[in-house]
Each structure stands twice: as structure tokens, then as C-alpha cells.
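Features of the protein shown, as given by TrEMBL:
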DOMAIN    533-656  domain 'STAS'
TRANSMEM  76-94  transmembrane segment
TRANSMEM  131-148  transmembrane segment
TRANSMEM  154-170  transmembrane segment
TRANSMEM  182-201  transmembrane segment
TRANSMEM  263-279  transmembrane segment
TRANSMEM  291-313  transmembrane segment
TRANSMEM  344-366  transmembrane segment
TRANSMEM  420-442  transmembrane segment
TRANSMEM  448-470  transmembrane segment
TRANSMEM  482-509  transmembrane segment
Amino acid sequence: MGVNSNRVEDLPCHHDHHQTTTVRIPSDIDLEAMPPPEIHRVCLPPKQSTLQKLKHRLGEIFFPENPLHRFKNQTWFTKLLLALQFLFPIFQWGPEYNAQLLKSDIISGLTIASLAIPQGISYAKLASLPPIVGLYSSFVPPLIYSLLGSSRHLAVGPVSIASLVMGSMLSEAVSSTEEPILYLKLAFTATCFAGLFQASLGFLRLGFIIDFLSKATLVGFMAGAAVIVSLQQLKGLLGIVHFTTKMQFIPVMASVFSNRGEWSWQTIVMGFSFLLFLFTTRHISKRNPKLFWVAAAAPLTSVIVSTLIVFLLRSKNPGISFIGHLPKGLNPPSSNMLYFNGPYLALAMKTGLITGILSLTEGIAVGRTFASLKNYQVDGNKEMMAIGLMNICGSCSSCYVTTGSFSRSAVNYNAGAKTVVSNIIMAAAVLITLLFLMPLFYYTPNVILATIILTAVSGLIDYQAAYNLWKVDKLDCMTCLCSFFGVLFISVPTGLAIAVVVSVFKILLHVTRPNTLAMGNIPGTQIYQNLSRYREALRIPSFLVLAIEAPFYFANSTYLQERILRWVCEEEERIKANNEGTLKCVILDMTAVTAIDTSGIDTLSELRKILEKRSLQLVLANPVGSVMEKLHQSKTLESFGMNGVYLTVGEAVADISSVWKARA
């Protein structure tokens, strides 16, 4: 409609002295002495055909950012160039690339490579995959992302959460030690399905689906997953050989203490020494961001030093297990290993779906975080397609699920990365490692991989975020706790599913039980606000002004009718108790009713008839364009009459009062 409502938001007033003041208007102001407001006509929106409405609605749903706007009034050559830039962002920043940018990207690329190499090996172990697969996954996917991705700072590779989920879900059905080939096939197939799902979401512009993973869900899920991951690392940290494959809290702790005879004091001493070193370096980097390189270089330094120690003590048999042989060479093709037919296909699809959603959520969140720091935009749908195609290509080149890592991206950002070339530099460093340096990792102890994972996942436990959830929204906090304890005591996918169900229940609760409130006039103004929030707001004699703060749908229409009639009964009881004048009119402020369906329209008509039988007039104030149009098309407006719909509550009160006065 293009008109403003008299309702205002509850926002503080900002003055020159940066103070917030509350102004109390004297309640003895004579409302009748104020000049009556001009009565405006409530207009219908411009007429549109069904096709035009459908086109507009689909555009709002799937293309809110209007990606084709830049192509208007352009020559065919410019359109071709813009299309290339849209599909391949490298064409956008490539022509302006220079030696200074390359210098910054080389420094940041080598810095994140020093972190990516030990993390790649560690996260592959976390997913119960051969360590070499972690390095393969740090080579091909970053190259694909550098061509298609729109984030300048996202550092791509394996991540702890996706590794944990893949390992836990596949290990429930297939043992990675007894059937390693089948396990590897399922991992690559799950990666392929994850990529197909991610790319489809981007191509079909259905990214809003991942919004069902709310912040509360992710905070609880990541904390629970971090605890489970940490407990799983006790195997490497204590030197235990026979360890449970289960991921729940109780079986893991039972396995730790039932195998005390396998604890190795040499492994424990080395593990806790390097764990202390890694946490110390991380603390130093947090205290002084300029020393980011200290924490970034610590994992590789730990790998080098611990490998040297084990190598020098190998003749004395120190009882510390190590990685062993890792094959040299580039990623072997794995398209022939994709598992599209057999009893485990459903498992691969389910694993791919869940890891795909989680990795996509993390990658987009990380990309947007660093984009906001440098004031540029990251296109969510393009990111989905980039990450999806990256995983599809990865599944055919011996890689498992990858996405943007927060820890590596933070290091990349602090190291001064300017473009995605830093990912290419990192991939080049990994390539050199794969071709020439693999024998150097032979004596790398498994306990170091456990300490690297422990250090990385400890940052996923966000106590402050959980505390803020409790302070702001108790239901959100409950979602967080459901996710946390579900992951911890049941299973990773079940914990996530429980949290999503709680989140959906919260949405349904808000939709089916919307907020309604009674409103009063702020003296000296035409503004009407919540009586319980504004003490200076006054009730208008003979009027009951109610506001509905939700769409009027089939899911809530019965509730709203019952709640409005209850408001009416309560108001009549209050009037009777205070010996005031009779109630004559009920005004519904429809400002926040953004939509209405046929059930809502029928309920309004029925409500009008019920109130009419009780000698009460029902009036609508400020219905939005789409609501007004449906009321008109359903002939409901005719039943309300000339004095049934107003632009504002103030105009409704003034006009109806004047009609009553004229009749008197």
C-alpha cells in the first residue's frame, strides 16, 4: 500500500549526549480537544494477473538478490563477460591481479599449508580413512574452489565435524579395518552424494533449507561433537590399541578404563607435552593477533619434532605407534570406486546428505564471516554450487567431504590473503608434499595427530554462545541442549535430528499460537501501543483495540478467534467491575498480518457475525495489500461496510466516535 502505520517499534531514542530518556506525557491532556485526524481511504493494490503474481512471488523466493539485474541494457559482449564473471569469479578479479597481491597470497598460502598438511592427515584418521586421503582432499578441492568460489578468504579442506559424522555413520555398518576397500568406496560415494545435494541446492536456489539448522542447533551440535571427538582421541593420547568404534559417551569412557593395561606412559608423556605446547601457542596467538603464525606453524612443528624423536628412538622401541608407509604420488582416480548399487547405498546417501548439510552450513557461515570483515558480498547459492562441484570432483579423485575450515580460514585471513590464489598456493605445497615428502611422515606418531585434533576441536565448544542463548531465549537454549546431549549420549545424526525437530516445533508454536495484545492511545498523539508495555497508554472508552502479530492462516485461525473472543469477555468483565460505559467496538490492528488464507477470511467473517450478535462492531485497521486484495476478492469487505476498514487505528477511533456523536 505504501503507507505508514501509527504503530512504532520499541527502540531507544538517540540524542546528542548518547543517552536514552523516557518521556512521560501527562495523562490529563484532553483527547477531545485535539483536532480530529483526516480520514484516508484504504486502497486496494494495483491489479495483477495470476501469472504476474506468480512471477513476482517466485522471484522473491528464489531470486531475492535479482542476479539478472546487471545484464539489463548491456551489449552482447558485455553480457558474455558478465556471465563468465558470474559463473567463474576468477574472471572478475583476475584482470586486476598484480605482483603485490601475489606476494600476499603466497605468504598466506604457505602459512595455511603448514596447518593443512598435519590437519589433513589427522582429520582423515578421525573419519577412519587412510591418512593419505586427507592430503588428497587438501589438493584437488582447493583448486576447484579457486575457480568457482566467491569468498576471497575461505581456506578449503577437510574439517573435523564432517570427518566425525562420516566416520561415525559409516563405522556403524562397516568396519574400516575389516573391510577397508568397502569403507573407502562408501566414503567416496557419500562425498559424491554430498556434492550432488549441495550443488542441487545452489542450482535450484533452495539454500533456505539449510536455515533449519539454527544457531542454537549448531552451537549444541558442535559442542557435543567436539566432546565426542576429544574422547575418541584418548585412544591415541593414551596409546590404546583395542578401542571401541562407538561414538557415544558411555561406551567410549568404558573402553578407556577397561583397557588400562594398554596405556603407554611414553605415549602419554609425549601427547600431553605437545598438547600443552599447542594450547600455549594458540593462547599466544589469541592474545596477540599479529602472532597468528605461532599457532599456525605449531601443528607442523609438532609433527616435525615428534617424528624426529620417534626416528631417533626407534632402536630403543619406545612403544609409541606411528603412521607408517604413506604412498607417494598424485590423487589416483576413484570414479570406479563409487558405490551406486548394493545394500549399503542408502547408508552412503544418508551419510552424504547429513555431511553435505553440515559442511555447507559451516563453509557458507565462515565465508560470510570473513566477507563482512572486508566489506564484500558472498553469494550463498554460488557458494553452494562451488562447494558441491568441488566435492563431486573430489569423490572422483580419492577425496572425501571438504568445505571451508574456520581455523584455516582465520589463519588465511590473518596472514593477509587477498584472493583465492592462496588456496592454489596451498594446493601446490600439498602437491610437492605428495610427490616428494611422503616418506618423511613414516615415523610421525599417531599421538601427535590426536593432539592436533584435540586442539582444533576445543574451539568448537562455545560457552559464551550457550550462555547468551539462555539469557535471550530459553527455547533456543533447550534446542541447544537437546542437540548437545543427543550427540553425546545417543548418536551424532540422531542428536542433530532431535535438535531440528525441536527447532521446527518452535516455528510451529510461533505460527499456531501467535501473539495478540491490547492497545491504548499515547496521550497527545495518534499512536496506539501495547497497554502492558507503555504505562502512559490509555484505554479508549467503548473501544477494544487488539493487534495480531502474525499471518492469519488455517493453522492459527481457530486459536485467534478464541483468543479475540476471550479478550472481549475480559474487557467486558473489566468494564462491569469498574462501572464504565459499555463496549461497542472491537478494532483489529492488521499491520503485522502479512498474509491471510481462506480459513483466515472465513474466521474473520464468522467473528464479525458473533460480535454483531453481541451488539459489537468489528473494524479492521491497516490491512496490508495482499490481505486487502483477498478480502475484496472474497466479498468479505462488503460485509464490513463503509465504516469497517480504516488506514490507521487513530482514524478508526476518531471516525467511529464522530458517527456515534452525530447519532446521539
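Each Cβ is built from the backbone N, Cα and C atoms, and glycine gets one as well.
What you are looking at is a predicted structure, and each value in this text was computed from that prediction instead of being measured.
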CB contact flag for the transmembrane segment (182-201) and the transmembrane segment (154-170), at least three pairs under 8 A = yes
Request  = Test the contact criterion for the transmembrane segment (131-148) and the transmembrane segment (263-279): 3 or more CB pairs under 8 Å, pairs 6 or more apart in sequence, then answer yes or no.
outcome  = no
Query = For the domain 'STAS' (533-656), DSSP counts of helix, strand and coil?
reply = 60 helix, 21 strand, 43 coil
Note = For the transmembrane segment (76-94), the distant same-chain contacts (Cβ-Cβ under 8 Å, at least six residues beyond its ends) come to 67, 70, 146-150, 152, 382, 419-420
Task = State the non-local partners of the transmembrane segment (263-279) in its own chain: residues 6+ outside its ends, Cβ under 8 Å from one of its Cβ atoms.
result = 236-240, 298-299, 302, 305-306, 309, 318-321, 445, 447-448, 450-452, 454-455, 458
Residues of the parent chain within Cβ reach of the transmembrane segment (344-366), under 8 Å, 6 or more residues beyond its termini = 151, 154, 159, 161-162, 165-166, 169-170, 173-174, 182, 186, 189-198, 201, 207, 210, 213, 218, 378, 380, 383-384, 387-388, 391, 401-406, 409, 493, 496
Query = Which range out of 154-170, 291-313, 448-470, 482-509 gives the transmembrane segment (420-442) the most CB pairs under 8 Å?
reply = 154-170
Task = Could you tell me what the rest of the chain brings near the transmembrane segment (448-470), counting residues at least six beyond its ends with Cβ under 8 Å?
result = 118-119, 121-123, 125-126, 131, 160-161, 215-216, 219-220, 222-223, 225-227, 229-230, 233-237, 270-271, 274-275, 278-279, 282, 299, 302-303, 306-307, 323, 406-407, 476-477, 480
